[in-house]
Amino acid sequence: MTIILATGGTGGHVFPAITLAKALKVQGHNCILFTDQKTINIESYILPLCKPSGNKLKFLFLLMYSCVLALYQTRKLKPKLIIGFGSYASFPTLLAAKILSIPIVLHEQNTVLGRVNRFFFKSAKLIATSFPETKYAEGSKCVFTGNFVDIEAQGYSRAETVLNVLIIAGSQGANFFDDVVSSVICDLPVEVKERIRVTQQCTKKNINKVKSLYKSEGIDCELSEFFDDMENKLANAHLVISRAGATSIAEITLAERPAVYIPYPHSKDNHQFYNAKHIEDSGAAVMVEQNSNAKKNLGELLVDLLQNCQKLRDMANNTKKTRIRNGVTEFIKAIAQELS
């Protein structure tokens, strides 16, 4: 059957949709992504949206225009199901589903049900969550499946000489990682800097600056705007420093890697804080909030962790307590049961 997946906004919404689409295609379904993302290697229909944080009038105009386009394309494709992944980019397609009386299933990646998913909550036949406890996701329609990621645990390797530190900035507030996190790494004690190798996701405009900074401190590094071999990077990491987006957390936790999470302070409903807290409460990560004390707190924490390999191993083992899981199979079972 034809299934439309409504997604967009950030990679945290898009990547799970792509993972699910690939799994559904294997089962013979025709999947099409309705999204605002233009560089994804899967069949998709692009909606001309812009981010709501910019020009408000432009956003509202493009949102209304996208609603008309989504309605037209949806009526033309006649899908049997529309799956929403949250974010403003999913709104036009989910609205079309409601108008055309097409069954809606929602997937929430974060520990707080997003605003668009809350808006369509009553219209949905099923709401699947990535965390065992999700704020605003209550009732018989809600089921914990897990997030959708292509990561498998490979065991935590003991660091004999070099400690590999993986830094994942994500798409929101990446300049903080380029500037503050890199500066903290360079201010570590000499005996720590001599042992570490940094693999870091940087914004394109800052790669040369950050590389020069590390070089001046004698720190071995690999920098890139995007890593297309994230599973391999995680497998080699002894510690990960990351934003607390749900998909990043799922990948890091399923890879059984200890982490330091720095939640993006402007995330809607402060969901990154609650994402990180869930993992911290399980002993698999430590959270550092982005505030005036962030540089000092992060520096002290990294000195402690990078000089205590046993603590890193304990955190890696605690990832098994988080209940984070790859939910593709469970989700497909749930929607099959719901639509049967």
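In case you wondered, yes, glycine gets a Cβ from its N, Cα and C as well.
Annotated in Swiss-Prot:
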type    : residues                                    : note
BINDING : Thr10, Gly11, Gly12, Asn110, Ser171, Gln272 : UDP-N-acetyl-alpha-D-glucosamine binding site
Counting other Cβ atoms within 10 Å of each Cβ, which of the binding-site residues Thr10, Asn110, Gln272 scores lowest?
Thr10
Which residue among the binding-site residues Gly11, Gly12 has the fewest other Cβ atoms within 10 Å of its Cβ, if you could check?
Gly11
I want to verify one value. Collapsing DSSP to three states, which class is Thr10 (UDP-N-acetyl-alpha-D-glucosamine binding site)?
coil
